[in-house]
């Protein structure tokens with residue numbers, strides 16, 4: 001029986017790029033893998049075919065030979081070199097290092113393994129969070145704060161090596177300096193080579209037998225440090241300031257982490273903030289509401305005078321432009337919204353009561369509002 005065309009097996013054109021071949025292989029390998037198709041002989045055979053096809057087409061030299069001579073280029077000696085064995089005794093021997101990241105990705109999905117190699121290069125230090133509480137005014141206008149942060153710093157005796165001065169780290173006897181442990185696992189479908197970080201040296205390849213006495217071999221010591229922080233005007237609840245390089249020290253020469261300062265703002269007794277605007281409710285007297293006039297209004301900058309019109313009602317709002325929160329970056333300020341409510345006096349002198357009775361007598365039902373209200377009452381209850 002003639003053998004199938006390798007390009008057809010992977011479902012790609014003969015002019016397909018290496019990246020297209022790789023994508024097609026990964027898709028088919030996951031689809032027909034025996035673990036996802038237990039007992040399916042057809043899927044098992046298909047899996048073998050796509051592996052054989054990919055081994056040849058992923059190698060530029062083998063691909064060129066196949067394009068020129070077809071399957072005959074690999075039939076000398078009875079079998080192709082370096083290919084995959086049949087399912088059966090011994091089965092497949094998958095070494096993730098030999099097939100690049102293809103099987104590393106596939107088998108990390110199927111077996112929970114991966115080809116995560118030990119990190120040996122520089123690594124950034126851990127970040128630190130600090131919660132800072134400000135008063136309403138401090139958040140509005142900005143301020144300077146000194147905070148105290150506890151963090152790890154590079155040991156000043158061993159300079160971060162963790163080794164006692166005059167000593168040197170030794171090669172790890174478990175991984176022999178590679179930082180990795182390779183384990184072979186036999187499965188019903190072959191042998192899986194699992195690569196993991198060495199538990200003895202944690203991927204470093206070296207161990208410390210004579211540690212620094214000050215840091216105990218960690219290379220860092222815990223210290224409390226005071227840091228001055230500039231709080232910009234206009235900052236709000238939940239916003240965050242970032243101080244680069246003020247976090248934990250990096251590993252293997254890596255940069256320090258960052259310090260994140262999370263802002264909290266205490267509630268104000270009378271002011272309420274919404275965005276860059278400030279809201280305040282103030283009482284006015286019955287006389288001021290009726291006659292209008294000048295009243296005093298508290299603002300973030302102090303008391304200011306404001307003239308309200310006669311007949312001002314409870315719930316009326318006025319806007320004081322530019323009296324709100326400064327915009328971050330100095331681009332102007334928000335506004336202050338003033339809502340007034342009429343405060344009814346609880347205690348009146350006899351003179352005040354007399355004047356109000358006279359006012360009530362004179363007022364009668366002459367206002368349009370009252371006429372409208374009493375007319376609606378008469379209509380509702382059938383009055384004449």
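The backbone N, Cα and C atoms fix where each Cβ goes, and this holds for glycine too.
According to Swiss-Prot, the protein has these features:
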BINDING   155, 158, 212, 215  Zn(2+) 1 binding site
BINDING   172, 175, 198, 201  Zn(2+) 2 binding site
DOMAIN    5-70  domain 'J'
REPEAT    155-162  repeat 'CXXCXGXG motif'
REPEAT    172-179  repeat 'CXXCXGXG motif'
REPEAT    198-205  repeat 'CXXCXGXG motif'
REPEAT    212-219  repeat 'CXXCXGXG motif'
ZN_FING   142-224  zinc finger
Remote residues contacting the repeat 'CXXCXGXG motif' (155-162) - C-beta distance under 8 A, at least 6 residues beyond either end: 169, 208, 211-215, 217-221, 249
I'd like the Cβ neighbour count for residue 198 (Zn(2+) 2 binding site), meaning other Cβ atoms within 10 Å of its Cβ, all protein chains included. 20
Restricting to the same chain and to residues at least six past its boundaries, which positions have a Cβ under 8 Å from a Cβ of the repeat 'CXXCXGXG motif' (212-219)? 154-158, 160-165
Fewest other CB within 10 angstroms, which one of the binding-site residues 158, 172, 201, 212, 215? 172
Looking only at C-alpha atoms, tell me how far residue 172 (Zn(2+) 2 binding site) is from residue 155 (Zn(2+) 1 binding site), rounded to the nearest Å. 23
Row residue 175 (Zn(2+) 2 binding site), column other C-beta within 10 angstroms, all chains, value 22
CA-CA, which of the binding-site residues 175, 198, 201 lies nearest residue 155 (Zn(2+) 1 binding site)? 201
Neighbours of 172, 175, 198, 201 excl. site residues, C-beta within 8 Å of centre, Zn(2+) 2: 173, 174, 176, 177, 178, 179, 180, 181, 199, 200, 202, 203, 204, 205, 206, 207
Given residue 198 (Zn(2+) 2 binding site) and residue 215 (Zn(2+) 1 binding site), what distance in Å do their CA atoms have, once rounded to a whole number? 23
Setting 155, 158, 212, 215 aside, what same-chain residues sit with their Cβ within 8 Å of the center of the Cβ atoms that define the Zn(2+) 1 site, listed in sequence order? 156, 157, 159, 160, 161, 162, 163, 211, 213, 214, 216, 217, 218, 219, 220, 221
